[in-house]
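The annotation transmembrane segment is assigned in TrEMBL to B:20-37, B:43-63, B:70-90, B:102-123, B:130-147, B:179-207, B:228-249, B:255-274, B:281-300, B:306-326.
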Amino acid sequence: MKLHRRSLLALALATGLTAPSLALAQDDTIKIGLLATFEGPFTVLGEDGERGAMTAVEELGGTAGGKKIEIVKGSSDASPDSAVRAARKLVEQDGVKVLVGPLSGDEGIAVKDYAKTQPGVTFLNGASAAQDTTFRDPAENFFRFGTDGAQWMAGLGTYAFNDKGYKTVAVVAEDYSFPYTQVFGFMAEFCKAGGKVPSKSWVPIGNKDYSSVIAALPDDVDAIYVALGGADAVNFLTQYQQSGGSAPLVGGSITVDQTVLTSQGKTREVLIGTPAAGPTADTNDAPAWLAFTEAYKKQPNAFPSPSLFAHAYYINMKAAILGLNEVNGDVSDGGAKLREALAKLSFDTPTGKVSLDKNRNAIADIYLTEVVEGPDGNLLNKLIKVVPQVNQTLGIEEAEFKALGAVSRDNPSCE
Amino acid sequence: MTAVVSAPGAPARPTVIDRIGAAHIPLAAVLLLYPAFASDFFLTQIGGYSLIFGMIGLSLMVLAGYGGMVSLAQITVAGIAGYAVAILGLNNSGVHGFGWPWWIVVPFAVLLAATASALIGWIAVRTEGIYTIMITLAIATAAFYFAQQNYTIFNGFPGFNGLRAPEFWGVNWRDPVPFYYLCLGCAALAYAAVLYCSRSTFGLTLQAIRDNPRRMRAIGYHVTAHKVFAWFLAGLIAGLAGVLLIWFNGRVSPGTINVAAAINVLVIAVIGGLKHPVGPFLGAVVVVLMQTFAIDIVGAERFNTLIGLVFLAIVFVSPDGLLGLWSRLKPHLAQQPLRSGP
């Protein structure tokens, strides 16, 4: 038992001694926590989020309010539990007063709940895009300068119904809060225009075999709305194509991004002409976007074009630094002044002006796109049109929007 | 922790200190005084969390160390208790939340978990060795996917959030110091119970079954019943830890009971050592410290590699984990004064 006693004593002493010293921050630096998925199925997305955040830090000279920025990273595996644990460590052990993150939908809701117990810390969302992170039961100290998954769908439902002429659409989406929010955003417009959604299939993240899903799809639909990400999208599209499916597709924001478009095989033919919408577009030729792309490409291992995760982390990190600049890096009052500054903050991003509503959720431009074959044979999301300044209630009166109910598997419905 | 052996001809009754084990007293003192010099973070996120995972590891140690049955379903058993508390107690998710008082919910949840554990055991004891591992892994995986896809009972992927530890006797038991003592109390209880049990008739029978089931069966023992009862007891410990775990997280979701978490429990038990009930707690401290601070040492890209390497190093140096390391070092240390004498 001697070792146990001694080692525990040593451990206890070491932890007791090191704990206060670790928590001490120097006066001329300011710590910003960066929480993203550096492990698990969304690692690639989390790493791109980090590139976006670091682009913002470097663009603003690595200082905030005259103090040097020190980034402290926390890692989650896309599960809400791990996100909260990482956030706790950053806040309670490393002593960050400003935290940017997390990345995934349900993580955002969990961190928002945690934010309520830490009123002295200012939280800015990463790329998490569930609606109820800010819309229902929001936290006073949680800000989202990126938009949510329903906002990302702005314009798509109307475009699919009016311009593409799809009257009935079946939905295939992953089974968690972010795709619920995307489907909600799409159906809000599509059903209002007169469209019908006779069937919705919810599949677990990481599903490999879609044969039962494909078999259950109704034959008489005009198109299929697909809100799947990364490998899930590739697996579904390949199997759908192999099983002889030929219905045109409508894409969610992360369904037809570069990770899917660059995959090899016959999915290309299925994908060309697929309309989608999101906070970014590959062929955006606005000078601000091109400048952002150039700055982003200086990051190690960057993609040819920043993903929407890099974009969202960039905007939130930039907002955090701009807010800190306004209060000269002073968060000694528990961040009250910083939060006041953030609530009023409005700035020009690579994708247009962004400002906050009263729930501290962004109002920003959304891009309607369509997959085309580029000049060198690569598939690209061609910009169709910009939907300006979309708010969280999608232009609907707030009371009326709230009456639509919380997003879920069954809501909304228009069979 | 050697058993008390009286010299022949001197049948002295063991004193109270001997019965408790002398080494336990300073250990208890350090653990009791830990809140005096630890920050809140170290108290709950390291201390409380290690004690909770130590308990889940302990439930595995009971099965593997005394019963020779390696189970990967211990986190599932803990999760069953956690989900029971979320469903029958109060939650913020707007699904179920019957609002039963904690003093009904907690015993019910722990008993439910123990019963489920006994059922898992009843299936698993028909197999041996690697097949037990496979069958419990299958159960853990199935439970994870079922919880993730079932919305009527488990609320699917998001699970339940807004779970709060009860407040009674004027204490909010999720505050850092009370929560630490709550975890310490439960862990100490489980630890003492396992120590006691291991020397009881049942414990000795179980160890005999581990060593030679065929002979025990021939003598007339009901091997299956003993094994299943061991699963039940392990389930009590894992269930109690599961209740603490969801109070600690404030939420429960399929991520709490996924395969990575199941493997984590096995790693904790193996790192610590399966020879003595203190092993899983040692393992939990090492694993929790590594998982919390590795990212500060090597950065976000490769910190899981470092964690893996450290675990590999421990198991490579000592197949019996940290406990085995000590039993190897002890003879050398004991001889040290002789060698360095004048």
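Quick reminder: no glycine exception, Cβ is built from N, Cα and C everywhere.
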Cβ contacts under 8 Å made by the transmembrane segment (B:102-123) with residues that lie 6+ beyond its boundaries: 63, 69, 71, 73, 76-78, 80-82, 84-85, 88-89, 135-136, 139, 166, 168, 224, 227-236, 238-240, 242-243
Contacting positions for the transmembrane segment (B:20-37) when only residues 6+ beyond its ends and CB under 8 Å are counted: 1, 43, 47, 176-177, 180-181, 184, 188
Within-chain partners of the transmembrane segment (B:70-90) [C-beta distance under 8 Å, separation at least 6 from its ends]: 56-57, 59-60, 63-64, 96-100, 102, 104-106, 108-110, 112-114, 116-117, 120, 124, 132-133, 136-137, 139-140, 143-144, 147, 153-154, 159-160, 162-164, 231, 234-235, 238-243, 245-247, 252, 256-257, 261-266
Best-contacting stretch, by C-beta pairs under 8 Å, relative to the transmembrane segment (B:255-274) and drawn from B:43-63, B:130-147, B:179-207, B:228-249, B:306-326: B:306-326
Positions on the same chain near the transmembrane segment (B:228-249), where near means CB under 8 A and six or more residues out: 44, 48-49, 51-53, 55-56, 58-60, 62-63, 66-67, 69, 71, 74-75, 77-82, 85-86, 106, 109-118, 120-122, 124-125, 163-165, 173-174, 179, 182-183, 186, 190, 193-194, 197, 202, 206, 256
Same-chain residue ranges lying at least 6 outside the transmembrane segment (B:179-207) that approach it to Cβ under 8 Å: 3, 28, 31-32, 34-35, 43-44, 47-48, 51-52, 54-55, 58, 61-62, 66-67, 165, 173, 216, 221, 226-227, 229-230, 233, 237, 240-241, 244, 247-248, 277-278, 281
